[in-house]
Amino acid sequence: FIFLGGKNGMYSQFELNKFKAYERQPLSCHDIQAATCVPYVIGLLLFVFSSRAEGFKEQGNAFYSKKDYSEAFNYYTKAIDASPKNASYYGNRAATLMMLCRFREALEDSQQAVRLDDCFMKGHLREGKCHLSLGNAMAASRCFQKVLELEPSNSEAQHENKNASALLEYERMADFGFGKRDFRKVVYCMDRALVLASACHRFKILKAECLALLGRYPEAQSVASDILRMDATNADALYVRGLCLYYEDCIDKAVQFFVQALRMAPDHEKARLAARNAKALKAKKDEGNHAFKNNNYEAAYHLYTEALAIDPNNIKTNAKLYCNRATAGTKLRKLNQAIEDCSSAIKLDDSYIKAYLRRAQCYMDTEQYEEAVRDYEKVYQTEKTTDHKHLLKKAQMELKKSKRKDYYKVLGVGKNATEDEIKKAYRKRALMHHPDRHSAATPEVQKEEEKKFKEVGEAFTILSDPKKKVRYDNGHDLEDDGCFDGGGKMCSIL
């Protein structure tokens with residue numbers, strides 16, 4: 001009413017001085033009674049509050065210029081309390097909240113400012129910047145368009161509008177990448193989007209989820225934890241924390257986070273699915289372990305197979321399941337399948353020592369000694385223990401032995417053959433390859449049979465002598481033992 005009362009819409013200097021005097025002391029009933037009219041009193045009150053609000057605003061400006069944004073916020077709030085219909089006060093407080101990275105509160109103040117004054121250009125610009133920082137590119141673009149309607153040459157609005165368009169494109173590319181399971185592409189897009197929308201939890205959560213799916217669990221945990229520090233009830237962040245634990249094979253703890261996420265957001269479909277998969281995977285794995293401990297290897301093998309079908313994305317748990325199935329496979333003498341399972345486990349987790357050890361043993365059992373040595377070398381390089389060193393030396397010895405003539409194979413007996421079995425086998429093979437038996441054959445056949453006949457004699461010479469047999473079985477060289485001459489021929493046949 002102060003802007004309407006008085007002569008010609010203005011108060012006289014005398015009246016203004018009186019307002020100021022009243023501002024410095026409380027009003028009394030006498031003052032009110034002395035007032036000539038009600039408008040006079042109303043004008044006095046409005047003037048007092050307006051004057052105080054301007055004072056608070058000026059103090060806020062001073063603190064803002066000193067970058068003391070917390071104090072600036074306090075004084076702008078006092079200005080708003082004194083004069084709640086002034087758009088510029090909300091605009092100033094919004095600017096301060098933006099500097100404090102409190103973008104949601106800043107957005108509310110900016111929206112209130114433009115509600116009070118739709119032509120308040122800075123209000124629309126700040127509202128757009130808040131929308132952009134919070135990841136709402138379309139709303140931000142509408143605000144920047146409004147600024148350009150008010151001031152078509154506003155370079156800041158033009159620049160920010162381009163940022164909003166870029167943000168929309170990053171969102172589109174990320175959605176496409178997620179659908180194609182190209183999680184690296186999604187992380188790339190979200191990194192760039194977060195440069196423009198630093199306060200957008202939605203982008204951070206999407207990035208964290210993809211980091212978890214890529215096996216980059218510490219990074220994913222860090223992003224989710226940052227959000228939970230600001231908002232402990234954020235269901236998406238709780239889901240990502242659970243997802244990281246789930247993929248690190250901490251299934252019980254993971255389920256707790258999924259359940260907590262569902263408590264915060266009962267319709268969180270991803271958390272519901274993850275909780276169901278986690279419970280099913282643990283139950284099936286436990287069933288397989290129980291069957292294995294009870295020596296029911298066939299059942300264990302099939303249960304591990306069923307568990308592997310539950311969630312192909314769970315790399316660590318599936319690596320263990322492949323190794324468990326390989327162990328059951330070795331009990332069932334499915335050695336080649338066991339080797340394949342160990343290889344699958346290593347492909348999922350190339351640091352999984354147990355899988356290397358299991359595969360190496362399978363290689364030993366199938367006499368693939370070079371492959372066994374390679375795996376044991378990998379294990380020993382990673383963990384230099386006495387046991388691993390012994391396993392490596394044993395494989396190296398078997399490899400060395402495998403490259404000599406296999407006298408057991410020449411005689412057609414096993415490595416645990418008795419002395420009588422060796423003698424019988426020798427007589428049988430010697431008769432089979434004796435030169436007289438092949439006198440009518442072609443020269444090439446005669447030469448080949450003579451060579452085999454000599455090998456049979458060599459084999460019998462070594463395996464029938466306990467000392468030479470022991471040295472042979474231990475992988476020692478026998479060329480200098482006096483059994484053969486320099487040309488490798490037999491000196492005598494027992």
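Placed from the backbone N, Cα and C atoms, the Cβ positions cover glycine too.
Curation does not apply to TrEMBL; its annotations are automatic.
What TrEMBL says about this one:
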{"type": "DOMAIN", "residues": "406-476", "note": "domain 'J'"}
{"type": "REPEAT", "residues": "53-86", "note": "repeat 'TPR'"}
{"type": "REPEAT", "residues": "121-154", "note": "repeat 'TPR'"}
{"type": "REPEAT", "residues": "235-268", "note": "repeat 'TPR'"}
{"type": "REPEAT", "residues": "281-314", "note": "repeat 'TPR'"}
{"type": "REPEAT", "residues": "353-386", "note": "repeat 'TPR'"}
Long-range CB partners for the repeat 'TPR' (121-154) (under 8 A, at least six residues beyond its ends), listed in sequence order, are 87, 90-91, 94-95, 98, 103-104, 106-107, 110-111, 113-114, 160-161, 163-165, 167-168, 171, 193, 196-203
For the repeat 'TPR' (53-86), could you work out the same-chain residues 6 or more beyond its ends whose Cβ comes under 8 Å from its Cβ atoms?
-> 92-93, 95-97, 99-100, 116
Counting each residue once, how many in the repeat 'TPR' (235-268) are helix, strand and coil under DSSP?
-> 27 helix, 0 strand, 7 coil
Would you list the DSSP helix, strand and coil counts for the residues of the repeat 'TPR' (53-86)?
-> 27 helix, 0 strand, 7 coil
By DSSP assignment, list the helix, strand and coil residue numbers for the domain 'J' (406-476), in that order.
-> 53 helix, 0 strand, 18 coil
Mean per-residue pLDDT in the repeat 'TPR' (121-154) works out to 96
